[in-house]
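Visitor: Here it is, the structure in full.
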Amino acid sequence: MDLEAAHGAAAAPGKQRRRRARESWGASLLLAYQSLGVVYGDVATSPLYVYKSAFAGDDIQHSAGNEEIYGVLSFVFWTLTLISLVKYVLIVLRADDGGEGGTFALYSLICRHVRAGLLPGGGGGAGDELAVGGRRDARAMSRLRAMLERYRVLQRLLLLFALLGTCMVIGDGVLTPAVSVYSAVSGLELSMEHEHHKYVQLPVTCAILIGLFALQHYGTHRVGFIFAPIVCVWLLCISAIGVYNIVHWNHHVYRALSPYYMYQFLKKTQTGGWMSLGGILLCVTGSEAMYADLGHFSQSSIKIAFMSVVYPALVLAYMGQAAYISQHHSFENAYHIGFYVSVPEKLRWPVLVIAILAAVVGSQAVITGTFSIIKQCSSLSCFPGVKIVHTSSTVHGQIYIPEINWILMILCLAVTLGFRNTKHLANAQGLAVITVMLVTTCLMSLVIVLCWNKSIFLALGFLIFFGTIEVLYFSASLVKFHEGAWVPITLSFIFMIVMCVWHYGTIKKYEFDFQNKVSVNWLLNLGPSLGIIRVRGIGLIHTELVSGIPAIFSHFVTNLPAFHQVLVFLCVKSVPVPHVQPEERFLVGRIGPKEYRLYRVIVRYGYRDVQKDDIEFEKDLVSSIAEFIRSGDSHHNGVLEDTDKSCEKLSSISNGIPLWMEDGEVDASASPHKETDTQIISPNRKKARFVLPKNAQVDSEVRRELQELMDAREAGMSFILGHSYMKAKSGSSFIKRIVINFFYEFLRRNSRGPSYAATIPHASTLEVGMVYQV
């Protein structure tokens, strides 16, 4: 009996491990299925236009020897295998930034391991230990790391390179919907009577695009349940048609998978074959989405979906098209070499409907990815403030940005109406796609050395191998500048100027704040009353500084010599990590002696975090200060000096003191109506009343300070915001005056304020204006 019991006890952990493994596999399979509708819609629709783009124009012609079609198939197969499968699925997906992916995530990952960030407050200030601390290599710093940390020029080049990739992603968000939907609707040419399609194709495409962007504000979670089935049906459809064409027309087409046919193709076509690579590279469009959407899924789920479903279906689809085209040489022009010509005539209408739905799904994924990357840039001071609406209460990554959505729609319609053919649209999209891939390859080689601590020769091997392939495609795309490739370059140039001007202005504003901050000694000389009248309540002074007293405070008290009994200098800081854990959210410190009742609080958010509303934020803020007074202050008595070392005296508050919350009177002066996903919050809201527990184990002095904090909270909390106007100082260069006085000020006036300011009750807000001469 004892033996049986012992055996059962020994077997129990094994059963639990197997059950957890089954649950893990079940979760991965479910995520893999869901990823089909979110991640792979773009790459799944590429068979609609790859062959048509490759044979467009006079670069190459389809001949009876089939060297061209076999060579294109060989290039498509090996490009899809090496770039999408090997590079992205097997290597790049491992370089996640706290579970997040994308070009800007690679940049922030590098900045977390090397002090190469140029963001305001970066470089070792309080709150930056999440970005650079705790993960640095214990070994001697490599020469590459030392160079990046020493030379400011290299840091600027690194940021510009990351911004270039980001701008190209935005350009891809303009071009992908146009190419996908226009190519899907082009099937009307073979499904309608002669010449009638010309009057229908363009209006139908524009109507679908307008409907696509108009529905964005509902969020992908409302229609997401139908995305994965659509892509599954589409992949099943193209793979079945591919198998049919292989069996029925040319079952020897598999021989074209040999790299030998690539050599034969380039040998025969020469310059024309090289120029056609700009259309062939579209077979990997959407591969970057696998990495950019990593935060919504897991590495294993994306790998399972691609290797088991997407990759085999695409290979069969491309082989099937090549098998059909190899047996049909009587086309009037190269425009007819496309997807729909290889579809059996009886299936063209159903396939057309499925293709349009799949194109919409693929476009949706790219648009959502564009929203996400703009949010990342905005939170890290590289893009003007925009309104961000979270469309899902469960998936924080699903967002909607109204301004960007309508800009994308206008640009998308403009390129569609302007080009009116797949050739120029594909040339434009190809350059955007390959540029992003080149940026990813270069940044990834730095990650291999700086973050993974691998050999520099391994990084060089990665850079040379994949970089050579992508430079070949990049040159083929760039040579078609006048045939549509100028569009992503122009769009990227415009967005790059906006990002650089905004980043430069933000840096200058922060430098002005830092150089003109008031010393703590000036504050201490005023005495406990600060030389002004102290009234009941808590005053929150928002500042970008993590140390010292902002100039806005002295500007305020000079003109209005009265302030609250409790002062909190609040710094809401975005750090280059995806998420900040709740226990690491607040850093609390004291300025001056205890009787001054001055505190500094740094609130840290990752670039994918959702900031709380004002009620939750106030509760967490007061609780954190109370916990600091009760326990943290025992290690931080005395005065915080106005030096960089003062940042080290800030305490990370994990759990606030357990304050009781009682329902108080109705607060009719709260913020106006605020619409959320599920309800509308009335302006008449219950105000939380904080009460210190009588059984709290604190001494009399601490209890008196805590009680004063509670009384001040009951009296009300006011928010003092600085409203700055930037102006280039006299003697500045002409370019600087243009950038600061006109471009930056134009962007500032037409952009949203800080995200935390949107949740502050307007009745409790006071704005203090200042002119910054930088």
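The backbone N, Cα and C atoms fix where each Cβ goes, and this holds for glycine too.
Source: prediction; values computed, not measured.
What TrEMBL lists as domain 'K+ potassium transporter integral membrane' is 31-524. As annotated by TrEMBL, domain 'K+ potassium transporter C-terminal' applies to 537-773. The annotation transmembrane segment is assigned in TrEMBL to 25-49, 69-90, 157-179, 199-218, 225-247, 272-292, 304-325, 349-374, 399-419, 431-450, 457-479, 485-505.
Burial and contacts for the listed features, if you can.
Guide: Each residue in the domain 'K+ potassium transporter C-terminal' (537-773) has a pLDDT score, and their mean in this model is 69.
Counting residues 6+ beyond its ends, the transmembrane segment (69-90) has Cβ neighbours under 8 Å at 43, 50-51, 54-55, 62, 253, 255-262, 264-266, 268-269, 273, 276-277, 280-281, 283-284, 287-288, 290-291, 302-303, 306-307, 311, 314-315, 318-319, 322, 325-326, 437, 441, 466, 469-470, 473 in the same chain.
For the transmembrane segment (157-179), same-chain residues at least 6 beyond its ends with a Cβ under 8 Å from one of its own Cβ atoms are 42, 49, 102-104, 106-107, 110, 116, 118, 148, 205, 209, 212, 285-286, 288, 292, 362-363, 366-367, 369-370, 373-374, 377, 382, 408, 411-412, 415-416, 422, 425-426, 428-429, 432-433, 435-436, 439-440, 442-443, 487-488, 491-493, 495-496, 499-500, 503.
Here the transmembrane segment (199-218) has long-range neighbours at 177-178, 181-182, 185-186, 188-189, 192, 356, 360, 363-364, 367, 389, 391, 400, 402, 405-406, 408-409, 412-413, 416-417, 420, meaning same-chain residues at least 6 beyond its ends whose C-beta is under 8 angstroms from one of its own.
Note on the transmembrane segment (225-247): residues 33-38, 40-41, 44-45, 47, 253-254, 309-310, 312-314, 316-321, 323-324, 342-344, 347, 351, 354-355, 357-358, 361, 364 of its chain, located 6 or more positions outside it, place their CB under 8 angstroms from a CB of the stretch.
Residues 83, 87, 91-92, 95, 103, 106-107, 109-110, 113-114, 142, 144-145, 148, 161-162, 164-165, 168-169, 171-172, 175, 278, 281-282, 284-285, 287-288, 291, 456, 458-460, 462-463, 466-467, 470-471, 473-474, 477-478, 480, 485, 488-489, 492 of the same chain, all 6+ positions outside the transmembrane segment (431-450), place their C-beta atoms under 8 angstroms from a C-beta of that stretch.
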Visitor: Taking the transmembrane segment (349-374) as reference, which of 304-325, 399-419, 457-479, 485-505 has the most Cβ pairs under 8 angstroms?
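Guide: Against the transmembrane segment (349-374), the leading stretch is 399-419.
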Visitor: Under 8 Å, at least 3 Cβ pairs, sequence separation 6 or more: does that hold for the transmembrane segment (304-325) versus the transmembrane segment (457-479)?
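Guide: Contact criterion not met.
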Visitor: Could you give the residue numbers and ranges of same-chain residues that sit at least 6 residues beyond the transmembrane segment (399-419) on either side and whose C-beta is under 8 angstroms from one of its C-beta atoms?
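Guide: Distant Cβ neighbours of the transmembrane segment (399-419) are 173-175, 177-178, 182, 202, 205-206, 209-210, 213, 216-217, 219, 367-368, 370-372, 374-375, 386-391, 425, 428, 484, 487, 491.
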Visitor: Could you pull out which residues elsewhere in the chain have a CB under 8 Å from any CB of the transmembrane segment (457-479), counting only those six or more residues past its ends?
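Guide: Sequence-remote neighbours of the transmembrane segment (457-479) are 79, 82-83, 87, 91, 274-278, 280-281, 427, 430-431, 434-435, 437-438, 441-442, 444-446, 448-449, 485.
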Visitor: Give residue numbers and ranges for long-range contacts of the transmembrane segment (25-49): same chain, 6 or more residues beyond its ends, CB-CB under 8 A.
Guide: 84, 176, 179-180, 183-184, 186, 220, 224, 226-232, 234-235, 238, 282-287, 289-290, 293, 296-298, 300-302, 304-306, 308-310, 313-314, 317-318, 321, 338-339, 355, 358-359, 361-366, 368, 422, 426
